[in-house]
Amino acid sequence: MTYALEISALAKTYKGGFQALKGIDLTVKQGDFFALLGPNGAGKSTSIGVITSLVNKTAGQVKIFGYDIDTDLEKAKSYIGLVPQEFNFSQFEPLVNILVNQAGYYGVSKTVALQRAEKYLKQLELWDKRDEPARALSGGMKRRLMIARALMHEPKMLILDEPTAGVDIELRRSMWDFLRELNEQGITIILTTHYLEEAEMLCRNIAIIDGGEIVEDTSMKKLLAQLDVETFVFDLKPNLSLAVLTEFSAKSHAIAYRVVDDHTLEVDLNKSQNLNQVFEQLSAANIDVISMRNKSNRLEALFVSLINKKSNITQAKSESAVVGAN
Amino acid sequence: MNNSIALKSILTKEIQRFTRIWVQTLVPPAITISLYFVIFGSLIGSRIGEMGGFDYMSFIVPGLIMMSVITNSYSNVASSFFSAKWQRNVEEMLVAPVPNWVIVAGYVGGGMCRGILVGLIVTIVSLFFVDIQLHNIWVIIATVSLTSATFALGGLINAIFAGSFDDISIIPTFLLTPLTYLGGVFYSISLLPEFWQGVSQINPIVYMVNAFRYGFLGISDVSLVTAFAVIGFFIVTLFTIAMVLISKGIGLRS
């Protein structure tokens, strides 16, 4: 099977000696919606830079739809559309020119490019701004312009490096819908984001990178299944005193309740427990629930635990190295 | 992949850029050249008399046109490519399957277009001051095209290495301007002492200005064959350097 992206033993050491990638392996299936997550400086943007040939790799191999970037770079490039993290278009050019020129770099004729520019500018609600210089756009509009630009040559794989950074919620959701539509049309999408909710909602598979190494590479379902404990917050009808709630939580329950205030309870549920039990106990104690929510994003909890686990291992290794040296 | 469309895209973008800011790019050379004609031609030139068998005004016209071509070809590519680096829109080309030679040809083509257009404007302005002769139009076309290509390549290399806007003004100020002024624009190098004549022969602009002047007046301090060989040498050398730099991603890829 030909993967959309196949990375093996990819390493990158920058001039100052900083090792951004330490021999990572990664595959992305065709048609996948894939999340690449990691803290700042983890190696996400360097990985994307190497894949899109904006960063020279130190070692390893990268294949795009089977084409090796060392031997078939131009062919490999033709499959990728890139939406970078930072604005990288001429601020002085009108939107239409930016899009038509970009299509031209991929050998798309002006006639076809103008049709596509109209299509994507309308879809991304930028058509009214088509003749304005890019500097006149708002931050969200600039992000959408970069998405339109990346689609001008109709790539088979779209890489988005934090595409919704600084974008308001309404716009972010409309961008999610747009990306889902693209993925349904068969475009492979690789996404890096700081909004873990975004990755959880959109992506089927996920890799977590930290310190230049892949610390997790699995499906979103499997990753979320690793979650041992989930915390729920219950907003209660304010007809009970704090003392009543405290008494309720102190009673011997199989479920651990925490009283936050006179109208809020927190509950930690592990895999063997379910919400029905909680509702039964609350109902039996005449405690009325108005609403319920997850305390934190599920993926966020996992992400933090994975990153912490890795930094603990690294710390332990360095401590044992120091002991060994002594 | 259709490289001609990619080339046309870069070229169109470059031409749109310098025509969009025509007040900064096309008007100043016309004003500068008018001042040269008034000062060096009418006021001082009338006291100098003939040079190379022609009145001074006619003698300096080809050099002044060439000076504008050189400056504008160079600065167009230097500022445009550096701006593309600075705004990071050079990445639009780097992520696309555009062969490196197309990037070089596109930017150099853009620089040549501005250089030659400015050359035409300056020629038209000079018609208000002097009757221009034509000795060999093909030599004029070949010289102006090759010279603008040479300096557009120079501007590209400068922009590749440049890390700030200051870096793209250092070469024009400290190298290009002195070489141009000492390149036989305002005098025949045969007027110089023998030692300085020898020194002048390592200045490539001497060959360009003299070949260009030959096209207008039929006179030159150097042979045409030598002049074209020198220009050809510089084009091949600078093109090779530009290609190597872009292939290695110097100043472009981390």
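Yeah, the Cβs are placed from backbone N, Cα and C, and that goes for glycine too.
The domain 'ABC transmembrane type-2' feature in TrEMBL is assigned to B:20-249.
For the transmembrane segment (B:21-44), same-chain residues at least 6 beyond its ends with a Cβ under 8 Å from one of its own Cβ atoms are 56-57, 60, 64-65, 68, 71-72, 76, 114, 117-118, 121-122, 125-126, 128-130, 186. Per TrEMBL, transmembrane segment is recorded for B:21-44 (among others).
Within the chain carrying the transmembrane segment (B:56-77), a Cβ under 8 angstroms from the stretch's Cβ atoms is held by residues 14, 18, 25, 29, 32-33, 36-37, 40-42, 45-46, 48-50, 107-108, 110-112, 114-116, 118-119, 122-123, 126, 129-133, 143-144, 147-156, 158-159, 168, 171-172, 176, 180, 183-186, 188, 205, 208-209, 212-213, 215-217, all 6 or more beyond its ends. What TrEMBL records for B:56-77 (among others) is transmembrane segment.
What TrEMBL records for B:98-130 (among others) is transmembrane segment.
The transmembrane segment feature in TrEMBL is assigned to B:136-161 (among others). Long-range neighbours of the transmembrane segment (B:136-161) within the same chain, counting only residues 6 or more positions beyond its ends whose Cβ lies under 8 Å from a Cβ of the stretch, are 65-66, 69-71, 73-82, 85, 104, 107-112, 115-116, 119, 167-168, 171, 176, 204, 208, 211-212, 214-216, 218, 224, 227-228, 231-232, 234-235, 238-239, 241-242, 245-246, 250-252.
Positions annotated as transmembrane segment by TrEMBL: B:168-189 (among others).
The transmembrane segment feature in TrEMBL is assigned to B:222-246 (among others).
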